[in-house]
Every structure is written in C-alpha cells, then in structure tokens.
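Contents: one structure, followed by commentary.
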Amino acid sequence: DAVETQEHYKSRWRSVWIMYLTMFLSSVGFSIVIMSVWPYLQKIDPTADASFLGWIIASYSIGQMVASPLFGLWSNYRPRREPLVVSTAISVAANCLYAYVHVPHSHNKYYMLTARALVGFGAGNVAVVRSYIAGATSLTERTSAMANTSACQAVGFILGPVFQTCFTLIGEEGVTWKLIRLQLNMYTAPVLFGALLGVINIILIFAIFREHRVDDMGRQCKSINFEGEENGVLDQDEEGNVDHVAVVAINFLFFVILFVFAVFETIATPLTMDMYSWTRKEAVFYNGIILSVVGIESVVVFMVVKTLSKKTGERAILHGGLLIVLVGFFILLPWGKKLPNIQWQEIKNNSIPRTASTEMLMPFWSLQAMQLPSNHTVEPMGCPVTQAWCLHTPMIYLAQYISSDVLIGLGYPVCNVMSYTLYSKILGPKPQGVYMGWLTASGSGARILGPVFVSQIYTHLGPRWAFSLICGVVVVSLLLLEIVYKRLIAFSVRYGRMQE
C-alpha cells in the first residue's frame, strides 16, 4: 500500500479546493439571473407569456438532469479534467449567448430558453465534482469535504442574487458597443461576469487540478482517471458489489429533500402576497432577505454538521434533519379563524389568458402578476378571489411563516450533506461518476416538479392541502429511512474491511 507523501497530500487538497470553486460557480450560474429573467424576457420578446417563463426557469434543471449522468459516465473512463473543462466551456458560451438574445429580430424567447438550458447542461459537472471528492477523500475526511462542497453551493446561491443586485446600478439601458452589438446593462452584465468566472475556473483546472485517489482508509491508490494509465488498474478493495437497495433509497430520499426545498423556495412569494397583502416588489424584497438569512444559516449548519457527525453518525443526523423539515412544514398548516384579505378586483382585459395549461408551469412570482388588469394602475393586493380557497382557508400568521423558514433552513442543509456523504460511502472505491450523475439528476427532477406542484396544488386547493401533502411525503421518507437504516453503511464496513 502506497504511503501518502506530504506533497501528494497538498496536491490532493488543492485539487479538492478547485472542485469547491467549480461547485460555487455552478450555483452562481443558476441564481445570478433568476430575479431578472422575467423583466428581461418581457423586454426582448413581448410575445412571451408567463407559461413560457415557466419553461425558461425549468430549462436549467432539465439541462442539468440530462447532462449529469453523461458527464458522470465520461469521468469514470477518462481524466476528469476533460468533462470539467468541456462543461465549464459550455456554460461560458451559454452565458455569452444569453447576453446576445436581444439581437435577433424574432423568436428571442427561444434563444433565451436555449441559453438557460445550456447553462444547466454545463452545470451537470456537479456529478463529476462530487465523484472526484468522494474518490479523493478517506472515510474520515468525507463528511467534512461533502459539507464544504454543499456550503460552496449554498454560498453560490446566496451571492448570485447579490451580484445581480449590484449590477442593477448599471440600469436597463447601460452601455452599448455597436461594433460587436453588445449591450452591457443590468440584465447582461451578470451573465458576462459569470462567463468571466467560468474562464478563470478553466484556467485553474488546467494549472492546479490533478487526479488523485485514496481508499477509504486514506491510502494512496492508482486511478483509472490518470492520464497515461491503462483502464482497469484497480486495487483489491474494489472487490464486492454495491448495495443497490441502499443506493435507490438514498436517491429517493434526495429527491424528496430537493423537492421539498424547491416547493419552499417557490411558494414563498405567492404565499406572502396572498397572506400578508404584500405587493410584488415587497414580496421579492422581503423574501430575498429571508432566503439570504436562511442561506447564511445553512452555511453555518454545514460547518457544525461536520463536527456533529463524528459523534452521532450520518444516519442519525439525516433522521433528525428530516424530522426538523417535517415540523417546519407542519407549522405552516393554517389554523385559527382569521381569513386573509381578499383581492376583489375584477379580472378582465388581461393580455394573458388564465388557463390550466398556462398555470401548469407558471412560476411563483407570476401567480399574482396576472391578477393585475391592464386598465388598472394600482396593483391589487391580497388573496385573489379567483383562488376559491381564499374565501374559507384561515391565514398563516407571519410568526408561523418565519418559524417555518428557520426550521426548514436548519433541516434542509443537514439532509443535503448527509445524503451525499452516505451515498458516496455506500458506493465505496469504485468509480462513482454515473451514480453521482443519477443522484444529481434526481435533485434536478425535484427542482422541476416542485414549481409545478405549487402552481397546481397551492393555486387550486390552497396551503392546507399543499403543506399536508408535503408532510405526508416527508413521513413516507422517514419510514423508508427506518426500513433501510441498517443498510446505509460504508462499502468497506459492509465487507468487514473497516470498523464502523
């Protein structure tokens, strides 16, 4: 068994830090334009309606869901630098395309859809990142490394909207370079900044990133991903089969965790506008602050969970995280007798027809945006009378909402980190690219279905049904966790090579 040298150790962790950066940039690519997509879409293509916006929001996750297993498979048989550089280059090109979607004379909305789908496709490299970190860390290092990875992802989601806010100072008109037909404004500057970060990331991958692999005990191993090595140079610890029951169970649990959080993010704006009569601007501003605080809370949790898991183990913490999420959504159930303020304005002369098909993919902030008739200058506030449940469902008090945000912001990061950590340990020393690709695809699918769930169940049946169903799904997840609890152990422990 090769003993790891100090130089090898330093090089290994430098490469892991490059993976942290890649994960950070991947999440920034999603969140840096999320607040400005709707006004930019309206500006470049007046024919785009709310339902098309839903497709644009979903296209990122669809692209990532398709790409994750492909990049994961690629990374199993070739040096990981290849899929990392190609995926990042795709994201850079897609961001540049987004900056030029105003140029064509027609069908601009389809160019924007393509750009966001390609950014998501490039973000499929998170499967490569996770699989590399799983292979380049020992079991004792794994939880900490996975927590750091998730923290970088969370910080990216937090800072993306912050960057967007800073770029609003440029204004809608900004500066135009006629020679290259580039408009630098509050809509295009964020994606061009994202493209610049991507180029820096590619340079660092070439300059610093190296292939490293250690076994569960931290011993240096040969890797099939080394350039110049023959495929199939594996060590004896790879003998044995992966527990596929445990693998499927973690995929399901991860899907539920991401689905629940997607619902939580998606429902924030319509819920607060309905319950507290907030305007669109107030809802975006206040929820932006709340989600930023939740994001900071999540980063703190990622750091704490690294220490806590050494004392209690990953399975117990995952169980506790799911319980906290369950309590968070249970608190959101409407109680009492006070009804929300009702929005009575007549809905007519609307330019967008409100049909089942348009509501299917209607994003969160546009649920109320469509309530404003074109012949009114004052934005109607309160729970729209078109949502029949507003007339009989008690309001959710602000204290309930804030308490729920705090609890979900505590439970979600715990579940996220423990899912990835347990999954990587269950898979063991075999190449994990494809498996990590499927796990990432599960999360992407959840982020697609979450907004659809909200637009259907919440809009038509109300918060009582929506949150009761979520609670039911989390209870099923807890039961599944109990059933497979004893199987969620590390590959090396399962085959008696290490003590748990």
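Yeah, the Cβs are placed from backbone N, Cα and C, and that goes for glycine too.
The following features are taken from TrEMBL:
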DOMAIN    15-489  domain 'Major facilitator superfamily (MFS) profile'
TRANSMEM  17-40  transmembrane segment
TRANSMEM  52-72  transmembrane segment
TRANSMEM  84-101  transmembrane segment
TRANSMEM  113-133  transmembrane segment
TRANSMEM  154-171  transmembrane segment
TRANSMEM  191-209  transmembrane segment
TRANSMEM  245-264  transmembrane segment
TRANSMEM  284-305  transmembrane segment
TRANSMEM  317-336  transmembrane segment
TRANSMEM  401-423  transmembrane segment
TRANSMEM  435-459  transmembrane segment
TRANSMEM  465-485  transmembrane segment
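For the transmembrane segment (52-72), the partner stretch with the highest count of Cβ pairs under 8 angstroms, out of 84-101, 245-264, 317-336, 401-423, 435-459, is 435-459. Looking only at the domain 'Major facilitator superfamily (MFS) profile' (15-489), the predicted model's pLDDT averages out at 81.
Note on the transmembrane segment (465-485): residues 245-246, 249, 252-253, 256-257, 259-260, 263, 267, 315, 318-319, 322-323, 325-326, 329-330, 332-333, 453-454, 457-458 of its chain, located 6 or more positions outside it, place their CB under 8 angstroms from a CB of the stretch.
Contacts between the transmembrane segment (245-264) and the transmembrane segment (435-459): present, as 3 or more C-beta pairs lie under 8 angstroms, all at sequence separation of six or more. When Cβ-Cβ distances under 8 Å to the transmembrane segment (284-305) are tallied for each of 17-40, 84-101, 317-336, 401-423, 435-459, the top count falls to 401-423. The list of residues near the transmembrane segment (435-459) in space but at least 6 beyond its ends in sequence, with Cβ under 8 angstroms from a Cβ of it, reads 54, 57-58, 61-62, 64-66, 68-73, 120, 124, 126-128, 130-131, 134, 242, 247, 250-252, 254-263, 265-267, 270-271, 359-364, 367, 387, 419-420, 423-424, 427, 465-466, 469.
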